[in-house]
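Novice: This structure is in structure tokens; I'll ask about it shortly.
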């Protein structure tokens, strides 16, 4: 049996789907401290920049907000260039002593690109327009990949994937927040 540190904040699930001219990021609202649900309606998916980028985060909340702020600063420096801003953030993440200790991951998307920014400073693009992170990420990813070839919309796929993850992962709930953008 796996022992969990009761003072560590665990889990969330974030999924992104890009399909048929839409890009969606969805996330649940649960915040757990050890084996206790501390909050069920946290907002882990939001619009950043000028509202033309959506982001979802998993991991330590304070760390995630630090990274969101840094990404917003990079987007101001490189307007309408999500890939460039993300790569520049990743460079900082890998070289800055303070940032290297941050324990968070993010999925970000604009009309042109969907990216995962990992805790090791990697910038990854999804296969098949689908990617997921967090404690229920593998469940959401499997569900979304199974549904991507159906006639369901990007939002329907993301919601179904999140509900499946919430049914399986104890650190994920059914309070799902969705943000979407028109995609190229």
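Counting starts with 1 at the first residue shown.
Cβ coordinates are placed from backbone N, Cα and C, and glycine is handled just like the others.
Owing to the predicted nature of the structure, the values given are computational and were not obtained by experimental measurement.
Sequence annotations record features per position, and here Swiss-Prot assigns active site to 12 based on sequence analysis. Positions annotated as Na(+) binding site by Swiss-Prot: 166, 169, 172.
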Novice: What's the CA to CA span in angstrom from residue 166 (Na(+) binding site) over to residue 12 (active site)?
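Specialist: Cα to Cα, residue 166 (Na(+) binding site) and residue 12 (active site) are separated by 9 Å.
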Novice: Give the three-state DSSP assignment (helix, strand or coil) for residue 166 (Na(+) binding site).
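Specialist: Assignment for residue 166 (Na(+) binding site) reads helix.
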Novice: C-alpha of residue 169 (Na(+) binding site) to C-alpha of residue 12 (active site): distance in Å?
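Specialist: On Cα coordinates alone, these residues lie 9 Å apart.
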Novice: I want to check the contact list for the residue listed as 'active site': same chain, sequence separation of six or more, C-beta distance under 8 angstroms. What comes out?
Specialist: 27, 28, 30, 31, 42, 44, 57, 58, 59, 134, 135, 136, 171, 172
